[in-house]
Amino acid sequence: MASLNYRQLLTNSYTVNLSDEIQEIGSAKAQNVTINPGPFAQTGYAPVNWGAGETNDSTTVEPLLDGPYQPTTFNPPTSYWVLLAPTVEGVIIQGTNNTDRWLATILIEPNVQTTNRTYNLFGQQVTLSVDNTSQTQWKFIDVSKTTLTGNYTQHGPLFSTPKLYAVMKFSGRIYTYNGTTPNATTGYYSTTNYDTVNMTSFCDFYIIPRNQEEKCTEYINHGLPPIQNTRNVVPVSLSAREIVHTRAQVNEDIVVSKTSLWKEMQYNRDITIRFKFDRTIIKAGGLGYKWSEISFKPITYQYTYTRDGEQITAHTTCSVNGVNNFSYNGGSLPTDFAISRYEVIKENSFVYIDYWDDSQAFRNMVYVRSLAANLNTVTCTGGSYSFALPLGNYPVMTGGTVTLHPAGVTLSTQFTDFVSLNSLRFRFRLTVGEPSFSITRTRVSRLYGLPAANPNNQREHYEISGRLSLISLVPSNDDYQTPIMNSVTVRQDLERQLGELRDEFNSLSQQIAMSQLIDLALLPLDMFSMFSGIKSTIDAAKSMATNVMKRFKRSNLASSVSTLTDAMSDAASSISRSSSIRSIGSSASAWTEVSTSITDISTTVDTVSTQTATIAKRLRLKEIATQTDGMNFDDISAAVLKTKIDKSAQITPSTLPEIVTEASEKFIPNRTYRVINNDEVFEAGMDGKFFAYRVDTFDEIPFDVQKFADLVTDSPVISAIIDLKTLKNLKDNYGISKQQAFDLLRSDPKVLREFINQNNPIIRNRIENLIMQCRL
């Protein structure tokens, strides 16, 4: 059978990995690598580890531990801890608001009996009685008075092993530390005009922001980090903390290095990125209540903006990756609203924006290093899209929000019909937010992400601002253009080739002779006979087959087989562990949702249509796994593909893998499969439709989903080449025997050929309809 080609592609995909491995080993053994650093390597040894480059940034990053600074008198900023690191005993800091608070801190060495000592406090000699009963720890005491002529009182001692102390002005109070390390805590003194309190430090000190108070407490209790305790750390003047205000030129060109022929230029640029999403909405056939696809697609946007008085023309191309496929099925009736697939971007998705402008930075963007960029975030909120039904209220998909966060930048190329542009690709990761999206008049609600229905929400564009910096190797003569690696500057875009090839393939459907098609569908086509219509050597044919398998193993069909294999493995292991589970021959089989059925028997599907649709997803895979003598949809699909490949004038080795994979997924989308049990036939379609009938009368009978599931497991699955509608029409107009009905139900190729040779218009019309569904 012609569908042997698809089965070979499914079973032989492992050869792709083997081929890649052999190719890599051969390349590694055969390649000679010569490293010539050149005059721009910064060092005579290769390979060169290039740095990140300079990016002008107005954002100030506040250090955790700022200092040490030399002793001085200053007005500490509020909400900042002044961490004192004294080396000898005595007064370490004092401060006053000159009104009602004079406060000083004194350090006393260990093991001091009660004694009188004289200290210089605020320019006066003051005698105080002090002591330190600890044998190992140093003692900090606060002394304060509330009037200029009053007496000092002692407060809040701190016994410290690291010999560190801290003070902070905040919220009308002066905060200090007290207690015993390593369990010291903060205390405070109330004061008026606290923000005007000047302090004099008599030892080195550090500055720590209040939001890092936990770190400050850690230092008080356990000491400074080791790097601060080396002799190489030298205190500097507090004036070093002052900011010199200069006007930065963000948009500038800097010559990094230069020789007679080449120079390295660093380009720093402000950029404004404007972009928008595009989508494809495809309505399914029928009465107008079904939609087959709502998906994102790339779009290029051209705009102008002003940068430092210069008008810039820019291009952006926006695309998405890692989309999530959702679907909605309102029921099995032709008038039930349904969406086969609609795409949503969420946290696991990425947005790519390729940016190019007509400035000097992009003119020679071929050899680039030290590429860096800083961009803002942007929030994208979806709008509303109404599904215009022939009758009744319109369902409306509305809402959805994602925020784009910059996640990297790389070099890329934007392709147009006439020129290829070296550009930058900005990658954005996503987070979801409110509002969620929903479809009115359905149960779809409170879902998060941005659906493809109306991602721009009537906006002309979204906008992101930021900066970029890069170093580019360019000719020393500015009039020269950097030579490009290849000589072809205008590239035939692969997507454009595929578009033209799809149009050609679809037009060739009229030229296929049905009798030849049936014969071709019965041939055991393998991969090489399938592709023999392309003029190429044997080696090229082998390479082509490998390329087809590389692409095919990423197809939806191959992914479904892989998922099914995993599910069967899970089922086998689960059955062996549980004696309460029914055998795999029952409806909880690999051809239903086996892993779900095994792990949660109590969970059942609510409606017959949903159960049937769940099983129907597996029917094609079951048919591939259990080949019968009858003809199937894949036989016709492969035969049509072979015929069109032979007739095509545009097929090439580069487009063939895409075409073969796309054909396996999109040819004959409206498939119905059947199983036969004596005189009863059960049919289920990929669209969720299901029915049962008797062979002799074609009268419908109640559909037993449990019986259908059991039959799918135990009986062969047959492609409904001749559907029930055609069979009824054939019986009413020509009359057929029960045996002929059985043969047509089994898709017997011999009987089909007889009807076609007899020019039976009903059978011919059905086969022609299937051929016309073989579209890309």
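Cβ atoms here come from the backbone N, Cα and C positions, even for glycine.
Feature annotations, courtesy of Swiss-Prot:
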{"type": "DISULFID", "residues": "Cys203-Cys216", "note": "disulfide bond"}
{"type": "DISULFID", "residues": "Cys318-Cys380", "note": "disulfide bond"}
{"type": "REGION", "residues": "65-224", "note": "region 'Spike head'"}
{"type": "REGION", "residues": "389-409", "note": "region 'Hydrophobic'"}
{"type": "REGION", "residues": "510-776", "note": "region 'Spike foot'"}
{"type": "SITE", "residues": "Arg101", "note": "site 'Binding to sialic acid'"}
{"type": "SITE", "residues": "Ser190", "note": "site 'Binding to sialic acid'"}
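Positions of Swiss-Prot features highlighted on the structure.
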| residue | record | contacts (Cβ under 8 Å, 6+ apart) |
| --- | --- | --- |
| Arg101 | site 'Binding to sialic acid' | Ser144, Thr146, Ile174, Tyr189, Thr191, Thr192, Val197 |
| Ser190 | site 'Binding to sialic acid' | Gly172, Arg173 |
| Cys203 | disulfide bond | Pro71, Leu84, Ala85, Pro86, Thr87, Ile92, Ile93 |
| Cys216 | disulfide bond | Trp81, Leu83, Ala166, Ile208 |
| Cys318 | disulfide bond | Phe275, Lys276, Phe277, Asp278, Pro298, Ile299, Tyr301, Val351, Tyr352, Ile353 |
| Cys380 | disulfide bond | Phe277, Thr401, Val402, Thr403, Leu404, Leu450, Pro455, Tyr462 |
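Broken down by DSSP into helix, strand and coil, the region 'Hydrophobic' (389-409) contains 0 helix, 13 strand, 8 coil. Regional average pLDDT for the region 'Hydrophobic' (389-409) in the model is 92. In three-state terms derived from DSSP, Cys318 (disulfide bond) belongs to an extended strand segment. Following the DSSP three-state reduction, the secondary structure of Ser190 (site 'Binding to sialic acid') is strand.
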